[in-house]
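J.: Submitted below is the structure of interest, expressed as structure tokens.
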Amino acid sequence: MLHQAQISKDEQTLASPSSSNNDDHHLDGGSIQVTCFSEAINDVPIHFQIIRLPKQIYAWIGCNSAKFGNLYAAAPTRPNNTVSVTSLLGGSSDNTGSTMARRLVLKTGLNIMLASNIPKNSPIIEVAAEKIFLRTVRSIDFDAVLHGYTIIDRGGKDSFTEELTCQISRRRFSFAKMINRPLVLTYLYLFIYILLSSGVILYNKWVLSPKYFNFPLPITLTMIHMGFSGAVAFFLVRVFKVVSPVKMTFEVYATCVIPISAFFASSLWFGNTAYLHISVAFIQMLKALMPVATFLMAGVCGTDKLRCDVFCNMLLISVGVVISSYGEIHFNVVGTVYQVTGIFAEALRLVLTQVLLQKKGLTLNPITSLYYIAPCSFVFLFVPWYLLEKPEMQVTQIQFNFWIFFSNALCALALNFSIFLVIGRTGAVTIRVAGVLKDWILIALSTVIFPESTITALNITGYAIALCGVLMYNYLKVKDVRASQLSSESIPDRIIKDWKLEKKSSDIFTPDSNNGNGGNGSSDMNIDEEAPLLASSRLSHIGRTQVGNHNQ
């Protein structure tokens with residue numbers, strides 16, 4: 001049994017003078033940790049008492065609790081990298097405690113004060129106790145460095161040969177050891193997502209704005225995005241075989257992909273057109289209406305129940321957006337209508353995705369999403385482009401810079417994959433919080449990059465009110481997702497088995513299960529409306545919804 005206690009106090013280092021300058025051994029913290037336990041080695045009970053301090057360890061290792069044994073202080077010395085061992089309570093320097101203390105300093109690089117009464121003629125017990133000691137020390141924040149230390153059994157319990165080939169290896173608390181690498185990657189992906197999402201929005205505004213690059217053709221720009229994304233996806237699927245294509249039937253394509261692509265193309269068309277008339281900051285404020293639009297479309301299509309608490313949140317968001325719009329100095333009706341229409345088109349696309357793709361049991365990863373939906377969206381955009389922008393391009397001299405449009409499309413494509421990486425490493429709460437942070441950063445950056453974007457106090461007040469409603473809505477949605485996941489765990493095993501067999505026998509492509517969203521519907525994780533095509537979570541997964549149908 002292992003017992004640990006934390007004793008908070010001001011520490012005084014009782015190390016040897018040589019260790020006082022050893023900054024490499026520093027460990028943050030102002031507490032002493034005491035660990036006591038016993039283990040049987042060859043049927044002999046061995047008792048351990050370890051007191052951990054930042055730069056040294058006090059330890060007692062014994063097989064007889066009535067005897068304390070001799071006490072030795074061992075510490076590394078500079079500059080010749082040797083170990084100095086001093087007997088504090090008398091006793092010869094060649095007994096078990098002395099040699100064990102010397103080896104432990106070599107393996108940890110720490111100052112050690114050790115008392116031991118293990119008999120000198122018990123090498124098996126000595127070595128085993130040493131290994132247990134090192135294992136325990138590592139578990140209480142002393143990650144020992146063991147270079148070249150090997151214990152070889154050459155003939156049974158009574159013949160142990162130790163080979164110490166290590167030079168002294170001082171333990172260093174480097175940042176690389178203290179940093180949690182998966183956590184760093186998660187924050188890195190979130191940073192890349194926020195950077196790309198904000199960059200694509202600002203880049204589109206700069207390209208489309210007559211005051212800057214002056215390419216006032218939003219449909220053309222959207223078609224460039226769709227064509228580039230579709231071409232890249234084609235090479236990844238058909239040429240480089242990065243992923244396998246989904247076995248798509250004509251019936252599934254006609255009833256699922258085509259309507260979703262139509263609303264997707266519409267949302268991008270209307271959203272990009274809004275950049276010609278209103279500022280980026282005001283567009284981001286209007287996007288707070290996205291939960292309201294999704295809530296209304298889900299209610300109309302019957303995919304979500306109209307609840308009083310959610311309705312109150314929608315009302316709060318709407319009031320905030322109205323206040324923010326009232327405070328807009330350069331308010332433009334045409335641009336506002338375009339943006340709101342694009343928001344509702346995106347909301348309807350999300351609802352259709354949830355209904356149609358889940359009904360058909362179809363799942364798409366980011367590459368296959370681009371492969372199927374981007375070309376179809378390109379075709380839908382061709383009709384309004386031919387009627388509205390092609391005549392204008394014939395009579396107006398439009399500048400076309402290949403590298404500008406190539407880099408713009410490349411950023412939009414990279415945004416899709418960054419969203420997929422974020423989804424794979426975080427949950428809905430983290431993504432929603434990152435989205436809110438991105439909106440605030442984008443509003444601030446837009447006022448710096450585009451000086452004509454003026455923000456008033458009424459703008460900020462209204463947006464803050466709407467944001468409170470959005471945060472509460474996100475909280476309720478995440479709460480609902482967790483509740484549904486808990487309820488799905490209580491489904492009888494027979495139903496789950498039947499559902500898994502049905503899923504296995506269907507001719508659909510199922511991506512890696514480590515997507516991080518647990519197979520939740522897309523409406524629960526609306527990330528970014530600026531991406532040309534979002535990751536698999538935006539295209540819905542089968543899972544919770546289908547299993548829930550068995551409960552009904």
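The backbone N, Cα and C atoms fix where each Cβ goes, glycine too.
Among the features that TrEMBL reports, region 'Disordered' is placed at 1-25, 507-527. Look at TrEMBL and you will find 182-203, 215-240, 252-270, 276-298, 310-331, 337-357, 369-388, 400-422, 429-450, 456-476 tagged as transmembrane segment. Per TrEMBL, the feature domain 'Sugar phosphate transporter' maps to 188-474.
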J.: Among 252-270, 310-331, 400-422, 429-450, 456-476, which stretch has the highest count of C-beta pairs below 8 Å with the transmembrane segment (182-203)?
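T.: Most contacts with the transmembrane segment (182-203): 400-422.
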J.: Can you work out which residues elsewhere in the same chain, 6+ from the ends of the transmembrane segment (252-270), have a Cβ less than 8 Å from its Cβ atoms?
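T.: Same-chain residues near the transmembrane segment (252-270) but 6 or more away: 218-219, 222, 225-226, 338-339, 341-343, 345-346, 348-349, 352-353, 356-357, 360, 362, 372-373, 376-378, 380-381, 384, 529, 532-533.
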J.: If I count Cβ-Cβ pairs under 8 A between the transmembrane segment (456-476) and each of 215-240, 276-298, 310-331, 429-450, which range comes out on top?
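T.: Answer, by Cβ pair count: 310-331.
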J.: By a Cβ-Cβ criterion of under 8 Å, what residues six or more beyond either terminus of the transmembrane segment (310-331) are in contact with it?
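T.: Distal contacts: 278-279, 282, 285-286, 288-289, 291-292, 295-296, 452, 454, 456-459, 461-470, 472-473, 476.
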J.: So which residues does the transmembrane segment (429-450) touch in its own chain, when a touch means Cβ under 8 Å and the partner is 6 or more beyond its ends?
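T.: That would be 186, 190, 193-194, 197-198, 201-202, 205-206, 209, 279-281, 284-285, 287, 422-423, 463, 467, 470-471, 474, 478, 525, 527-528.
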J.: Looking at the domain 'Sugar phosphate transporter' (188-474) alone, can you tell me the average pLDDT?
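T.: In the predicted model, the domain 'Sugar phosphate transporter' (188-474) has a mean pLDDT of 89.
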